[in-house]
Amino acid sequence: MLSLGSGGAKSTKPSFVSYVTPEEIKSEKDPPKQEKHPDLLPGEVEFCSANPILKYTQDDLSQRGVFGTLFCTNFRVTFISDEKPQEKTDKTFKNKLYGENDIPLMCVDHIYGVYDEKRKLITGGLVKNKYPSKMIIHCKDLRVFQFSLTFSKEEDAKKIFQGIAHHCLEEKSLKCVFAFSYMGTPSPEMQWKQETVMFDSPEDWTQEMKRTKANCRLVTENENFELSQRLPKYFVIPLTIGDLFSYQGKGLPIWCWSHYSGCALFKASFPPVTQEDGDFQKHLDTMINAVAHNHLYSVKTEDLSESLPNIQDIQQSYNKFKQFFLIENSTDFWLSDVKWFSSLESSGWLDIIRQCLQKAVEVVECLEKDNTNVLITEEEGTDLCCVISSLAQIMLDPYYRTLMGFQSLVQKEWVAGCHAFLDRCNHLHQKDKEYHSPVFLLFLECVWQLVHQHSPAFQFSETYLTVLSDSVHVPVFSTFLFNSSHHRESVMKAESPLAQSGPLSCPTVWDWSVQFDSKAQNFFFNPLYLEKVKHDRAVRKPHKPKHQRNLSLPSTAFKTPPKKGFFKDETDSLKKMLRVKRLSRWRGSPDAPTATTREFFESWQHRPLDYHGLLLPCLDGPAVHIWMQRYLRWIPEVYILGGGSVAVMTKLMELLSQVQDLKRVLEQRDSSQAAKLDHRPYFQHRLLSFDSSGRLSSSFPFAYTCYRSFKPIIPTGLMQSLMVTDSLASQEDEASSVVSFV
Amino acid sequence: MFFCVQVYKDPSKGELPLLPEEHVQDSAKDVTYICPFIGPVRGSLSVTNYRLFFRCTDREPVFGLDLPLGVLSRVEKIGAATSRGDVSYGLACKDMRNLRFVHKEPEDSLKKSVFEVLMKFAFPVSNNMSLFAFEYKQVFPENGWKVYDPLAEYKRQGLPNESWRISKVNDHYELCDSYPAALVVPVTITDEELRRVSSFRAKGRIPVLSWIHPESQAAVVRASQPMVGQNGRRCKEDEKLLQAIMDANAQSHKMFIFDARPSVNAAANKMKGGGYESEDAYQNAELVFLDIHNIHVMRESLRKLKEVVYPNIEDSHWLSNLESTHWLEHIKLILAGALRIADKVESGKTSVVVHCSDGWDRTPQLTSLALIMLDSHYRTIRGFQILLEKEWLSFGHRFQQRVGHGDKNHTDADRSPIFLQFIDCVWQMTRQFPAAFEFNEYFLITILDHLYSCLFGTFLCNSEQQRLKEEVPKHTVSLWSFVNSQLEEFVNPLYVGYPSHVLFPTVGIRHLQLWVTYYIRWNPRMRPQEPVHQRYKELLAKRAELQKRVEELQREAANRTASSSSERAGSPTRSITPVQTFV
C-alpha cells in the first residue's frame, strides 16, 4: 500500500525544499492513486517495495529530491517517481534492461546508512537492528543514489532496507543470480553473436591458427575436462609437447597468437619457482624448450607475478581510485578538486595501467623486433597473463582493433581462456576478499588508453568500452558469470533440468540487442575509424603486408625467417647453436631494461604512423589519462554543456552524411549505375539533430541536459584551494613603483 | 624541432633561410649542442640579427634548431673553460626550454666568441639597438594594423547609444596614458567629471565600458582600484559614474564589482593608498573578490612548471609534481572568475565592474575571457585578434615589461606570464568546446611564439600611446598581416560557430589539463597527434571534391539536352567508407 500512516512516528512535513509540497504528500492519504510498478523483465520477480521514498537529486546541496516508490526485485533495485514522467527527450541511448533509476543487484558496490547524521557502511550485522534514515548506494558503474527512508511507514522502510541489504550484500549462491531466472527470448538479431568468434569449438581455434599462420597443435583431450578443470576446453600448444597429463596441465604453454615471422606468444600457469621439486623443474624446462622450438629456438620467459602488481594490489589501488568519483554532493566535489592530481597519484591506479602497457610493449618488442617466442607466466595464468597477452595482440594485430575482432579476443583470452570472472568481480558477495580484483576492468582501462591515443586505429568507440565495463555487472549475460570453461559447462548443464527447454537461455554480452536497439548501437562505432582499403581477396590477411617493413634497429635476431627448403641442414645446425645461447641468455633473465623499450618506442614513433600496423602507446606521465567518460559521466559538476567530444562527433557525423549525400547525387547522375543504387550503404540517420548539439552535455550519451538548467557551475571554497604561503603573494604588483613609464 | 615561422625556407639547399633584412652576424663550426633528449650533437651555429640557427648534417634525420633570439631570456657562460679550451653556454628561453652548447673558445683572444655576438643581438634594447621588428620589411597581402578599429568595434556592439557615449577626453592620452584614445562612458557623466574620477583611480584608469550585452544592455566595465587608502577616501564623481553605469542597464538595480585579488591583498593595498569600493559609498553594488594571485606568484608558478616538464618528466610523480606547481589551480581561478562575471552578465542581466590593482594584468585576463564566453564574435579568428588588440593592447597590458623584449635583465620582477596564462585559459576552453572556436591550437601557439620573437610589432611597447610615439605601426609588420595572409593554416575544421551561444566552461581541475603541445612540445616523445583534425580535413577536402564534381555534372547536364548515358564523369571516386552503416 502506498498510503502514509497518519500520525506515525515519522513526520509528514519535510524539512527541506522539495519538488513536492507537503500538501501533496498529505493528499496521498486519500485512496491511493494508481499504483506504480516497474516493468518487469521476463523472469523478474518483485520482492518488496516502500512508498514514499525520497530520492535526492545529486545536483546541489539544497537537499532537494523526488518522491516515489522504491522496489527491490530479483534483478534490481528500482525507484519509480510519483511524478508524471517528464517529457523525456527522446533518449537515443537507452538501455533496454535497466534505466537511470535502476540498479542491477550485481552493480551495487557499497551501501551506507545514515544513522543520526553518522554515515556507516552497511554490513550484515547492522542490518538486523535498525534501519537508517538515509540510504546511500554506491554502484560499480560509479553512480551514487541517496534515498531518504523517513517518510514511509516504519515497517515498509525496514523491509525495503533489509531487503536491499540482503540481496545486494549477503553472500549468495550462483543460482540466485538473475541470469538463471531471466527468460528473455533470444533476439532475432543475431548478427553480433554470429560474427564474434566464441572459441568454444575446435574449428574456431583451427581458423585462428590459420589466420595467424601458427604452426601449433590443437589439444582436444580436455573436451571433458579430464586433463584439468582450470584449462580451456580446447587450446593450442607448441608442436613438440608430447606429455600433456603430468602436473594437471600446470606449466603447459598455451598458445595465444603468432607473429607473421613465425614466433609466437604463449602463456602458462606457473607456480612461483620457489618449489624445490626437481622433477617439476625438469617438466618446466621441457615446456620452455617446446616453446623455443616453435620458432628459431629462442624464447623469452617473463614471470608476471614478479614484475607486475598482484591482484590484491590492483584491487586496493582501484578501491582508492574509484572513491574520487563517487561524489555525493557539490561540497565533496570541490573539496576533492583541490588535491585532485596528488590524490590520483596516491591511488596508484594510473601507474598500474602504465606498468601493464609497458609490459605489453616489452612483449611486443620481443615478437616484433627480436622475433623471439615469448612465454608469459603467473601462478594461475588467467589474470595478468590475459591482460598482457590481449594488449600485445591489440598492439600487433589490427584485426583485434575492429569491434568483432576485439570481442573475439575477449572470448579467446578471457572467456574461453578461463579468467575467473565470478570470483574476480565478486558477483556473489563472498566475504573472502582475496579473490576479488578488477582485472578485466584494468584491461579495458589499458585498451582505453590506446583508443584515446590512436583513435583512428580502432573501429570501436570509448562508449563501447564504457558500456562493456558496465555490462560486467548486469546479471543477465553468461559471459561474465563463471570461473572457467569447466565451471560454465557444468553449471549450464545442471541449470537446465527441463531437457526439452534446451540449454539455459542466457545470452552472451555480445548480443548487444538485448541492451540496446540498433540506433543506440551506432554509438559503439568510432566514426573516425580509418577502415583499411579492402583487397579483393577471399582470404583475410589482415596484417602481413604492413609488418614487413623493417625496423632499423640493432637486432641480434634474424629478421626474416629462413626460407623453407633452402639450406635445411645448415640452418638446423645453426639452430642448435642458437638454442644454447639463446636459452642461457634469456632464461630467468631480469626485465629487459625499460631503456630499450623507450628506444623501441622512439624508433616506432619516427616512422609514419600506420593505423593498420604496429601500434604503441606513449607512456610518459602526461600521456596517461583518466577515462573521463567512464568515471566522470554521472557528476553534474563536470558536465560541459554544448561541449565535449559530442560536439566533435556531431559535426563529424554531419560531414559524413554530407559526403554520403554528395556521393549519392553523383551516383544518381551516373545513370548507367542507377540499378545498383539501392545496395549502396547509406548513412541514414544522423545520430543527433545538428541544432541540439549545442546544448548537449559532454557526458552524452550517458547523461542529458535535462538534469540541470543551463547555468554555469561556480566552484565553491576557492580560497581553501590555493593558499600561497610564500612572500610573493603579498608583494606589490609593481615591483618598483618608482619606475615611471614614458 | 623547428620554429614555426620559416617564411623563406628552402629545405633542398643547406643554406640559411633568411628573412628580408636578416643578416648573418657570425657563425661557428664545431659547436656541440647538448640535446637533453638525444645527447650531444655536433654541428655549425649561425647567429643573425634575428635568430640562432644550429644545424647538424651528419645525422639522419638532419637535426636543426632555429629559434628567434627574442625567445632568449638569458645567455650565460657555465663554468670555466676546460683544459681542452671548451666553454659551455647556457641559453634560457622564454618558451619553456633551456639550450646548452659547448664551444671551443677562439684561440685568438681578440676575436669574439659566437656567443658574445649572440648576447649582443639577443638583447638589442640593452645594447641600444633596435628590435628586429623595426628592420623586418616583409610585405603581406593584408595589413594587420587595420584589423582593429575601435569605433567600428563599438559600432558592432551598438555603441554609442542613448546611455553610452564615446568620449574624446583621452584623445591625447592626458587623462590616462595607459588607456586608449577612445573611451566609452555613460552619457550622463561629463568629461570634467571623468577627469576627477581619474585622480581617484590608480594610474588614472577610470571605469570604462568593455562590452555591452546586445539584449539586456548589461555592461562589462573595467577599471583600476579606487584610491581609497587607510582613511577611506571617497570620490563623488566615481560614485556617480558607477551609479550611471548601473542606471544604463534598466534590467537590474544592482551591480557587481569584481575585484580580481584575494581580499587580503586588496585590504593590504589600502596601506599604499589603494583599496576597494566600500559598501557605504557604493550602495547598490556588491563587491566580490576573485582570489587571483599577483604577477609574482604566477611567475614563480611557471618557473616551477618548467622545472617539472623540462627536460625530463618524472613519470611516477608526474601528477603530484604538476600539482605542486599550482599552475592549473591558477588557471582554474582565472577561469572561475571569468565564469562568474559571464554568469552575472548573462544570467543575472547585471552590469559588472572588473578591476585588480592597476587593471592591466588580471583585469584583461578576466574581461577578455568573459567576453569570449559571452560573445561568439571573439571566437572567430578576426574577432579574437580584435579582442587582443582591444582588451590587451589598447588598454595597456604592459607587454614590454611583462615579456622584457630585447632586455637582458632576466631577473626583472616585472616579468610575468600573464598573457601566456590567458592564452592557456583560451586553450582550455577550446578543449572543452572543440567546435565553438574558428581558430585551432596552432593559431594560439603562433601567437605565443611571436609574443617573444620580436619579428612583428604587435606585442611591442606597453601602451597605445607608446606604440604611437614609436610609430610602431609605421615601422613594423603586424602579426595579423602574417596570420591573415595564410588563414587556412589556423582554421579549426570542426568550427560550427553557434552564433548566439554563451559558453560556460567547466572549471573543475578534473577538466583542466596541462597544455602538453605547448609546454612539453620540445620533448620528442610528446609528439603532437591530431588525428581527429587531420581526418577531418580529409573529409572536408573530400566534400569539396565531390561538390565540385556534382557542379560539373550539373553544368554538363544543362548543356546537353538529348544524349543521356554516353558520357560519364569518370569512374566513381575511391571508396572512402569510413562510415559505419548499421541501420
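Placement of Cβ uses the backbone N, Cα and C atoms for every residue, glycine included.
Per TrEMBL, the feature domain 'Myotubularin phosphatase' maps to B:144-519.
In sequence order, B:Ala202, B:Lys203, B:Arg205, B:Ser224, B:Gln225 are the residues near B:Asp358 (substrate binding site), counting only same-chain partners six or more apart with C-beta under 8 A. Taken from TrEMBL, the feature substrate binding site covers B:Asn269, B:Lys270, B:Met271, B:Lys272, B:Asn294, B:Ile295, B:Cys356, B:Ser357, B:Asp358, B:Gly359, B:Trp360, B:Asp361, B:Arg362.
Residues or ranges marked as domain 'Tyrosine specific protein phosphatases' in TrEMBL: B:325-372.
The Cβ of B:Cys356 (substrate binding site) has 29 other Cβ atoms within 10 Å, all protein chains considered. Sequence annotations record features per position, and here TrEMBL assigns active site, phosphocysteine intermediate to B:Cys356.
Feature annotation from TrEMBL assigns region 'Disordered' to B:553-583.
According to TrEMBL, the feature compositional bias 'Polar residues' maps to B:560-583.
For the domain 'Myotubularin phosphatase' (B:144-519), the model's pLDDT averages out at 95. Taking 8 Å as the upper bound (exclusive) on CB-CB distance to chain A, the binding-site residues B:Met271, B:Trp360, B:Arg362 give none. Largest Cα-Cα distance over the residues recorded as binding substrate, namely B:Asn269, B:Lys270, B:Met271, B:Lys272, B:Asn294, B:Ile295, B:Cys356, B:Ser357, B:Asp358, B:Gly359, B:Trp360, B:Asp361, B:Arg362, equals 21 Å. Minimal Cβ crowding within 10 Å, among the binding-site residues B:Trp360, B:Arg362, is found at B:Trp360. For B:Met271 (substrate binding site), the number of other Cβ atoms no farther than 10 Å from its own Cβ, over all displayed protein chains, is 10. Every protein chain considered, the tally of other Cβ atoms within 10 Å of the Cβ of B:Asn269 (substrate binding site) stands at 24.
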